[in-house]
Each structure stands twice: as structure tokens, then as C-alpha cells.
Amino acid sequence: MAKTSGTGRRLVSQRRSDQRRIAVKRGERELSVTIEIARGAGALLKQNFGKVQEIDFKGRINLVTEMDRMSERLIVERLRKAFPGDDVWAEEGGGNRSGAERVWVVDPIDGTTNYAHEYPVFSVSIGLQVAGRMDVGVVYNPLLDDVYAARRGGGATLNGRRRRVTQVDTLERAFLATGFAYDVTAADPERNNLGPFGRFLVRAQAVRRAGSASLAIAKVGVGRTDGFWERGLHAWDMAAALVVVEEGGGRVSDYAGGIPTLDGGELVASNGPLHGLMLEVLAMKGAAATAVPRAGVPSDEGDPPPEWAMRKYVIGFLFRGPNRVEDEKESDRLQRAHLANIARLHAEGKIILAGPFLDKTDLCGVFLFDVETVEEAKALCDTDPALQAGSLRVELHPWYSAKGIGIAHEPVAMK
């Protein structure tokens, strides 16, 4: 066997070093171009926020708007111009899938339901997959002008500044996020996420569901939240954000702890120290799944005493009110003010969940207030312009629950 001379070894080493530098520079270009394209799509969405005219349904409650299509068209056209040999895989069917090694995975609006209802939480998500691995990811929040970005080997950034995951290592100190798929009516609580949601709600410091999966996942990678889980995801919901989590020092997996795949539909993302604990909660069955933990430790010793186990929440059912506003501009103003008030209360942690009912009845929405008395919830409702005007009314009920598991539902007050 011929020996390689010292000079030959240096040349091989130099070539490899040059190749690595070229790869890094290429990744830098992809990242900067992706940020620019995401900002362009975000500017379009921000400019038209509150002006949606056309809403279609891809499923029972799965919305698509003309802005999804316009944003996707802008992104696909700019990606093709910048990277003409690459495939593009976009949510609304734009782009092409020819089997190329490099594939851009695009969600033109992650949070379409929020966008259509003028609820100010949505994002643009663009990721690059190379040879089956996500290499570049950008998630952009247009309303806050927040850019979550990462490239493989380059770390994660928020608005250009390097960020890392948190070091929280107990569930009782964990600030978690999740989401609910469009088949939330499925009978199995493990499939529709109501089972895991209840288990995490009783064990974590707090759980949030804002309605944009890519945004919620990316927040883990920059230390804004500690963990995320969801089942029923699509590739474009998580592709870009996966890179942000991993490059921020976090961990991603499926529910069994294995490597997540874009077509697998489920994801657990965490800061790392919490990952095993989250997987344990997701895997709970039987008594362990319904027991309330003592001092953060799950117990299967039977039902705890009510004075220890139960906690009060207040649930509110929103109905159309007696004072119907006929003027279109005034109705639009009240709707905007109503949604802005919900967003404020959600940001303050006073509302855990809020959402509309889409069937054509007087019952049009539901809130879950993180307060203990109907009076506290009523005071929060009194700040709502639509309730003040009488175009909406709300029924408030105490919800006695082991932080979301047991229920004793008793009607008390109507505004």
C-alpha cells in the first residue's frame, strides 16, 4: 500500500477544510436569503391583516384564505429565483417535488385560523432539507418582527442575537406549549391531545396553546418556553423550527423518544433536561395518567382528598348578544377590539384557552380563565368592548378540577 507523504496529507486536510468553509458559506447564504424571503411574505401578511375577504375550508374546520395563497406564491417564486435547482414543498400545493436532494418546506401562514379571525398570533415558516436532514430554518412573526433563525452548525438566533434553551429541569417549573390538531373531535383523548394536555396541566407551571405550531416550537430553541408537544402535525408545521431547537441546544424526538420525521406527525421539543420527564407524562396509562402528583411526583395511590386535589378555574361560554350591530364598520371595530382584548388577557396569563365555534348558532366561543372566582372572571369580561356593547354575552361557570382532570360543572352567573 502506497504511503501518503506529509505534503499529501496537508493537501487532503486543506481540501477538506476548504470544503467545510464553502459549506458554511453556502449555509450562510441560504439563511440570509430565507430571512429576506420570510420578511417579504410577513410584510404582505401584516399589510393585509384584518382584510381577509375569501375563506375556504380544506376540511371540517381547516381554513385556507387568499392570503395563504398570495404568501405562498411570493415565497415559492423567490425561492425558485434564488435556488433554481431546488424542490419546494408548500402547504397549499405550490412548488414542485421532483426528488431533488434539496427541498424547501414552506408554511405561508402558520396560524391561518388566527389570521382569519384577526387573532394576532401567526408566522411564516421556511426550512431547507438537504439529503433528508433539516439544515436551515426560519420562523418569522410579522406582527412582532421576531425572526427565529438557525442553520446547521451555526447556532440559533432571535433577531440576529445568539440564544440558547433554558436549563429548567423540573416540570413544576416548566413553561410548556402545545397545540390541537384539526381532528380534535376524535374520541381517543391520546389522539386529540386532551389526555396529555390534562396531565401536563396538573404537573407544569403553565401550559399555553397559541395556534401557531412553528412559532411555539421555535420559542423552545431560544429560551422563551421550556418544552412543546403535539400530535397531528404536518411537515411544514415543524420543519423550520426543528433546526432552531437543535441549534439552540435543545432536543427533539417523537413520542417514543426516537428521531422525529417530517411525515411522522408527532413531536416533542424540549430544552433537554425536561425531555425524559415529558416523554414519561406522554406515556402514562391507567391510574398514573389520571392521578394528581404530590410535590411534582405522580401518584397512583387512588383519588386524593378533595380539599387537596381540586382547584378552581372559571369557564366562559360566549354567545351572540341582544344588541346586534348592523353597521358593518362598527361591527368590525368591535370584533377587532374583542380579539385584541383576548390576546391581552392570554399574554397576561389570565386566559389559558380561547377559541371560536364555527357552527352557525348563538354559541360562538369559549374561554378558560386561570382565576378562582366567577367575580374575577366577570371583572375580566367587563374589559371586553363587545360585551360592554351587548353584541356578545357570556355565561360564567366555576370549573372544579384537578388542574384540568376532574370536573364538577355548576352554572352560576350570566352577564
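Note: Cβ is positioned from N, Cα and C throughout, glycine not excepted.
Among the features that TrEMBL reports, Mg(2+) binding site is placed at GLU91, ASP107, ILE109, ASP110, ASP237. Taken from TrEMBL, the feature domain 'YCII-related' covers 328-399.
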DSSP residue counts for the domain 'YCII-related' (328-399), split into helix, strand and coil: 33 helix, 21 strand, 18 coil
Neighbourhood of GLU91 (Mg(2+) binding site), C-beta criterion under 8 angstroms, separation at least six: ASP68, GLU72, VAL106, ASP107, PRO108, HIS234, TRP236
For the domain 'YCII-related' (328-399), the mean pLDDT of the predicted model: 84
DSSP-derived class (H/G/I helix, E/B strand, else coil) of GLU91 (Mg(2+) binding site): coil
Listed binding-site residues (ASP107, ASP237), ranked by Cβ neighbours within 10 Å, top entry: ASP107
Cβ neighbours of ILE109 (Mg(2+) binding site) where a neighbour is any other Cβ within 10 Å: 29
Residues flanking the Mg(2+) site, with Cβ no more than 8 Å from the Cβ centroid of GLU91, ASP107, ILE109, ASP110, ASP237 and excluding those residues themselves: VAL106, PRO108, GLY111, THR112, SER123, SER125, SER212, ALA213, SER214, HIS234, TRP236
